[in-house]
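Below is one structure; the comments refer to it alone.
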């Protein structure tokens, strides 16, 4: 550490001495606002330094220190080599400690002519002087003529009134750790720095953290500061800020905390004991989530409250961007809400592990005509959330009310409904959504834990319902989630449902996924039977190309060509014959395909079969 000798050398200059950490003598320290022509480390030893405007301030500081018995003083302008980025970074990370270890701090208010204008000094508006006010045990204030105005103890009432910092800090009754993150941030909310990055760097000591300096990163420095705070402190008041900036869960400036001076920590008895985790995605933590509106709009209840709020923690507005109850973004960032826990059945809204998305370095452009998400009216929410929830959930799925389904599933007691059949028909909510081809609903239910497959005896397969109804994209979603292509549903398989209903693209999708062409229904019919009977030529052709067996037999000993002939599907009969189907095969009643074509009066098919006999 470099210190400035308070006595001039024989040449009439002030000398700087370097000390090892274990050899630092008692010293005073200067707190001031920078002016023009400050004396720097590079020119302190040069004779022209005496001609600089800042030299008089340096001389007066040394004179005061010498009069008070100090051989050394520390002044930031000349005791730091600011041409060295490494030294500057070390000094800024050590600044709070420098002031805290000083024997006395001289706060020079260059714009204060008398005690009457004390509180109007720009010294109280600068970012760096916050730690210079709080860290030293002794702070002595001087006016523009270096006349003593008082100390931070004798002036604590005036200082508290102009800074909104509690008097107990200045009296020594309370330490910094007594106050939460939001409260300490609020002390810096109206302070200014020349460089945007210094809004963060000047607060390192206030929060007891260290980090490298990256000038040029602008607001991201303040985001990094908050990330460092989260590594050493689990204080939810860090998120209790208001600002029109919509860049994420972390504020981009201390100004966002200007109204947070009365917010303190509040930890419910059942609060989980899990630390914050910060990743590139965001902040991972456990919070209660209350759904309140469309598009995944919710309130996330923080573990903090206003000083005089009994059981009314603060909540922030968030949006479940993927409707998964896992990843949220902060919205309506100019608002905070007080939540009365006595109005909630807490067991229905347990703490959930969620991710609050990280701040973006660049401000997101929001269209001027885009309105913030709006909560549902209280009466509507109460009616929805307090009705027969199981019925309400079923109706919402059936009626494609995605927002209502999301809202209802914010209740923990309804989540088990996703994993079991719903009614006497063994329908699951997922199967109901899949049958409707409501892909957003299917994705939502899957994200919330709906079982993609069910036991063959316990319900309808969602994949079968989607295949039966011809919902190709729904089938893709289910297969991507690992749906079993060979799950039986009412004696049928997804491939059979698709073939029976002529959904060629779905048949192809299932075949590519490994569906078994020889799978049979309760009557021993394969997919080729289904397509042949219904006249789905393209599906028959596709199945034959995949090796479907033309000689498979159903429970009446018929092959697919029997059903095609009986229903007069000439083109399909030809496809089957060309694939090697036996024209003279006989069924359980010893009848041939030609017989059934004759009974049906399908002349063209009869002729075709005769020509192949």
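Just so it is clear, glycine is given a Cβ too, placed from its N, Cα and C backbone atoms.
Predicted automatically and left uncurated, TrEMBL annotations should be read as such.
What TrEMBL says about this protein:
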DOMAIN    27-112  domain 'Heterokaryon incompatibility'
DOMAIN    220-246  domain 'DUF8212'
REPEAT    425-457  repeat 'ANK'
REPEAT    458-490  repeat 'ANK'
REPEAT    490-522  repeat 'ANK'
REPEAT    523-555  repeat 'ANK'
REPEAT    556-588  repeat 'ANK'
Do any residues of this chain, six or more beyond the ends of the domain 'DUF8212' (220-246), have a C-beta under 8 angstroms from a C-beta of it, and if so which?
-> 180-183, 185, 196-197, 199-201, 203-204, 207-211, 214, 252-260, 263-265, 275-276, 278, 283, 302-304, 314, 316, 330-331, 333-336, 356, 358-359, 361, 363-364, 366
Long-range Cβ contacts under 8 Å made by the repeat 'ANK' (523-555), restricted to residues 6 or more beyond its ends, are 493, 495-496, 498-504, 507-508, 511, 517, 561, 563-564, 566-567, 569, 571-572, 575-576, 579-582, 585
Grab the same-chain neighbours of the repeat 'ANK' (425-457) for me: Cβ-Cβ under 8 Å, and only residues 6 or more beyond its ends, written as numbers and ranges.
-> 322-326, 393-394, 397-398, 400, 402, 405-406, 409, 415, 417-419, 463-466, 468-471, 473-474, 477-478, 481-484, 487-489
Mean pLDDT over the repeat 'ANK' (523-555): what is the value?
-> 97
